[in-house]
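Trainee: Shown below is the structure under consideration.
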Amino acid sequence: MNPLALTILLLSLAIGTTITLSSFHWLLAWVGLEINTLAIIPLMTKYPHPRAIEAATKYFLTQAAASALILFSSLINAWQTGEWNINSLSDLPVTTFSIAIMMKLGLAPLHFWMPEVLQGISLPTGLILSTWQKIAPMTLLLNASSLLNLNLTIALGLTSILIGGWGGIGQTQIRKIMAFSSIGHLGWIVIIMKFSPQLSLFNFILYIIMTAAMFMSLNVMSATKMSQISTSWSKTPALSATTMLIMLSLAGLPPLTGFAPKLLIILELVKQDAILLAAVVMLISLLALFFYLRLTYIIALTLSPNTPDSLLIWRTTPKSYSLIAIMNTLALTLLPLTPTILFL
């Protein structure tokens, strides 16, 4: 892609998110979301493959439907309250608005576009779709968290955690695995949103760090299948090892970063006397834990590393991977800093 076009598209992504984050008017928030959607579609079709075209079409249709619902909610809100202030939401628009935002985020049962779209695009675009594109909708949802329907958030959260674990069990394609991982993590974020929006925000930040670290590592290794991570062991042994650890961090195993949000969410649910909900969430999340552990076991212990006899593959590259090193470190070692971060 032309560097100038790429720069304009990336700037449009940044501007769209900034407009949504800084808006007090519903129409401006909607415009920001639309700029975001339209800016990423050319990035999806950067490599003109039928899978990429199909992914971009599916993404556009689902995002357009969700945007129409958001505009519909804000119009009804303006009709009932007489103002376009982003903080004023009556009872009717809140449900349609939250469903629209959850469709944009890819929460179950509105998740069907997410694995297919992520599978059809490149890893750098998948990184943007899984992290940056979630920021604006999640901010709007956090803004309306006090008005959300508790039963709706719990139902969608539990469904997302279940689908995120269940859908990932039989997968060998890493991008689809990351899509189901994203659905499961967003389920954790949404289920606690009504009880503690601050904890949802903390969980969302850690989700972005871990997902970005995973995608950046996969992009360096050019790995889109599980077997390719195994064969990359001879090229980048340290990166292959940290990729396995990031996968365990995404699973939520102590003492890695991913354990912090899950522990705090369960503690908050118990504090709110939702003990049965906490137990159900923990039981359902065992599905996700199983497929992460299975993948790590398969890659680390059972797949043949296919080490070639030639020493040419050990040649080092002059590229600097300092950003990936920082992201991987954050994705693995933030657990001891959690109390400090929450205090700040």
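Each Cβ is built from the backbone N, Cα and C atoms, and glycine gets one as well.
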Trainee: Under TrEMBL, the annotation transmembrane segment belongs to which of these stretches: 128-146, 147-165?
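Mentor: The range carrying the transmembrane segment annotation in TrEMBL is 147-165.
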Trainee: From the ranges 27-45, 236-254, grab the one TrEMBL calls transmembrane segment.
Mentor: 236-254
Trainee: Could you name the stretch, out of 59-80, 147-165, 201-224, 274-300, with the greatest number of CB pairs under 8 A to the transmembrane segment (177-195)?
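Mentor: Answer is 147-165, with the largest number of Cβ pairs below 8 Å.
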Trainee: Below 8 angstroms Cβ to Cβ, which residues of this chain, lying six or more residues outside the transmembrane segment (321-343), approach it?
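Mentor: Hits for the transmembrane segment (321-343): 198, 202, 206, 209-210, 212-214, 216-217, 220, 239, 242, 245-246, 249, 254-260, 264.
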Trainee: The domain 'NADH dehydrogenase subunit 2 C-terminal' (289-342): mean pLDDT?
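Mentor: It averages 72.
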